[in-house]
Structures are given as structure tokens and as C-alpha cells.
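K.L.:
Starting off with a structure, shown below.
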Amino acid sequence: MLIVQKYGGTSVGTLERIDAVAERVIKTKKEGNKVVVIVSAMSGVTNRLIEYANFFTNEPLGREMDLLLSAGERVTSSLLAIALSAKGYPAIAFSGRQAGMITDHFHTKARISAINPENINKALQDDKIVVVAGFQGVDENGDVTTLGRGGSDLSAVAIAGAINADVCEIYTDVDGVYTTDPRIEPKAKKLDQVSYDEMLELASLGAKVLQNRSVELAKKLNVNLITRSSFNDHEGTLITGEEKMEDAIISGIALDRNQARITVRKVVDRPGVAAEIFSALAKEEINVDMIIQNVGRDGTTNLGFTVPENELHKAYEIIQKVNPNSGEVIESDNEIVKVSIVGVGMKSHSGVASLAFQTLADEGINIQMISTSEIKISMIINEKYGELAVRALHKAYNLDK
Ligand code: ADP
Ligand code: ASP
Ligand code: MG
């Protein structure tokens, strides 16, 4: 079999951990498989590099930022290849560029445009273990780019797709995908199987066990994705195209702390104003999530929307520039979180949303914004109550049973 394995930050967090990863890779190789390994930076390294840059400015240059951040993954990929070779298993490390990972030029959140897996395929033919630095690529100018936080998952899925791997295994510090973050609710249960669609919602709504774009791509390319622990041999979670036949209405609860809200008050109520505001944000690649508009009585409206917390500053400046109405008041609030319940069974059951609202009401938690789709309900609440809400909802939907 041709197997892609991705090891996250904690899994390569120390030299001893890298050694343990090397042993696991060797075991896979000895079983007669060809192996391509994608690695993250050692845990904490990416954050530290960001802090280093922030020592000088809060708005570092994107190009230099990416060159800086890509260093973390280069360290681990080189070390793992060195460790493997030292153990008698020929290995070769590639940077994103050497692995043929071509992206657009949006620094710190680049999108993959193509993969040229020639080097990888050649090395596999030579019977080498291939180790690729995750999270990074190169744009058409030859500048290094990175794929957004958690982007090594995306590197792994993209490479698995490009070389037609039989399976893409994501090794992390928990046994798989749980009904909610086991660090928030210790009673969370591991799921044996979850559909691409549910996983995509969970990941997009804050369950960082898999990066959302990696799930999207896995679905598109039909990559067999498995999440499991690098610390034991427990069975992980299979992410598949099948929707389970069991009758679980809800499969999980997610908490997204990276949320902030902008409210523009007294916007003139005329056609085109919303288009003006949101196209200005879209042009700068800012991801707007929930939108609420309240119609006032005096011909003006209040427009509220959420953006990722780390883009609040930029979004705020853009809105000020657009200046939808001279007298407006713009407010920003980053003391919010989004809690969501996800499940394909919601489509065919009623009363799912009302139970969520009642559960939060019983805890005295005020819901500030709501959005729903066929398979999820999201609520914006004060960040103080985020974990409490997760636990209360987890219990209300019997996910601990
Ligand atoms: P890695 O460094 O391996 O990429 P991450 O920290 O990105 O690992 O993701 C793993 C973490 O995701 C877990 O430690 C866990 O706290 C968190 N997590 C959030 N939601 C879930 C969930 N539903 N199931 C499992 N883990 C989750
Ligand atoms: N090192 C990067 C991050 O911390 C990418 C990853 O770990 O997937 O976001
Ligand atoms: Mg991750």
C-alpha cells in the first residue's frame, strides 16, 4: 500500500517524540508499504515565531512572515529524515517547494493551485521514505507561502490525492474525533466513523482536530482519511463518504474561540450598502461568517457580522474606509465565542434547535446571534460561557451515553 502519514505538533514535540515517530514510520515501511510522511513544526514553535515577529510589529510583511513560519516544519522534516536514515532506513526530506506544492500568493493563507509530485514519486521509486515539511508551498514567483493555521493537515490530504495514496492517516494527540473536544468535556466519546459533511462542519466550526480545508479537499478527491493517536495503537476515527445508519441525530458539539463581531450602527437603509461593505471585506479575503441586520425606524439599520478574531483589526479598518454612512458608529467585540451542534440527523428531526436554546436558557446564557443550516446550529454567546455551554449541550443531546 501507499500510505501518507501526517504527524502534528505534539507528536513531534520533542526529539524523543520524533524518535518515536521514526519507529512508527519504520514499522509501517517494514509491513511492506511505501510511506510519505508530512510533519508539522514542533508544538509551540509556530506560535513562538509569530510572537517573535510581533515583537517588532502587529502587521508583519506577509512574504517574510511565511518565510519565517515555514522554518518550523523544515526543522522537523529534516530531523525525521536524519533519524530514519540513522536507523538504517534511507529517507529524504523535502520542503514544500521541493515536494512540488504550488499555491497562490495570498501569504499566510495561501490556497494550493497544483502539486507536481515528481520528486516524491522518484524518491518512492528509489525505495526511500519521503518526509515532507507540511503547511507550506511556493507561489509562481518562487516565494514561500503558508496554508493557514493547522495547514499541515491540508498538505497531507493534497499530497495523498496527488500521489493516489491508499490512505491518509492523521496522527495527533487524541485518539480520534470525539463528540466534542475531550479537553473541555472529559465524558466526550470517540466516534468510530464520521461523514465528510459532518466533519467539515465540525472542523469549520472550531474542532481543530482536523483543519477544515483538509476535510473539504479529502471529500473532493475522495481521500480515505483516518485520525488517530501517535501515542498509542487505539483504533482511530474513519472519515468517510457514507452517512451512518445509526440514529444519532447529533454527532458533535464544536466551540470556536476565534470569533469577533463588528457592529455598524445607523447605516443608511438603501440598496447596495450591504454589497458595498461585504465586497470590500471579500476583496481583502476576510471571511465573514454570521450576519444580522436589524431594521430601525428612522430609515437606518444596524448591521452586525462576525469575522475571525485575528482579522478583526483589518476588518475594522476596511469598514472605516468604506464609511457606509457618515454618522455611523462602528463597534467591535472580541469577547464572543461560537458554539455549534452538528449532525446529519437534524435534517429529518424536529425540536433539535429548540432543545439547544432551552439548554442555554436553563444555564442563564444569553444567545446573541444564531445561524442554522441543514446539519448545524450555531450560536454566538459571551466567551465566559463557552465551555459551560459545550458541556450543557453535550449532556442535553445525550452525547455522553
Ligand atoms: P495537531 O498538532 O496534531 O495537528 P491539534 O492541536 O491541531 O493537533 O488538534 C488536536 C486537538 O484538537 C486535540 O488535542 C483536542 O483538544 C482538539 N479537539 C477539538 N475538538 C475536538 C474533537 N471533536 N475531537 C477531538 N479533538 C478535538
Ligand atoms: N505549524 C502550523 C500551525 O501550528 C501548521 C500545523 O501544525 O498544521 O498552525
Ligand atoms: Mg492541527
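Cβ from N, Cα, C; glycine included.
Just so you know, TrEMBL annotations are computer predictions that nobody has curated.
As annotated by TrEMBL, ATP binding site applies to K6, Y7, G8, G9, T172, D173, Y178, R183, K208, V209. The annotation substrate binding site is assigned in TrEMBL to T46, E73. Positions annotated as domain 'ACT' by TrEMBL: 262-344.
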K.L.:
If you average per-residue pLDDT over the domain 'ACT' (262-344), what number do you get?
P.N.:
86
K.L.:
Determine the minimum-neighbour residue: among G8, T46, T172, Y178, K208, listed as binding-site residues, which Cβ has the fewest other Cβ atoms within 10 angstroms?
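P.N.:
It is K208 that, of the binding-site residues G8, T46, T172, Y178, K208, has the fewest other Cβ atoms within 10 Å.
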K.L.:
Among K6, G8, E73, T172, Y178, K208, which binding-site residues lie by ligand 1, judged by Cβ under 6 Å to any atom?
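P.N.:
Among K6, G8, E73, T172, Y178, K208, near ligand 1: G8, T172, Y178, K208.
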K.L.:
Determine the Cβ neighbour count for K6 (ATP binding site): the number of other Cβ atoms within 10 Å of its Cβ.
P.N.:
29
K.L.:
List the same-chain residues at least 6 positions away in sequence whose Cβ sits under 8 Å from the Cβ of E73 (substrate binding site), in sequence order, or say none.
P.N.:
V39, S40, A41, G96, A133, G134, F135, Q136, S152
K.L.:
Summarise the domain 'ACT' (262-344) as counts of helix, strand and coil residues per DSSP.
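P.N.:
When I sort the residues of the domain 'ACT' (262-344) into the three classes, I find 26 helix, 35 strand, 22 coil.
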K.L.:
Between the Cα atoms of T172 (ATP binding site) and T46 (substrate binding site), what distance do you get, rounded to the nearest Å?
P.N.:
16
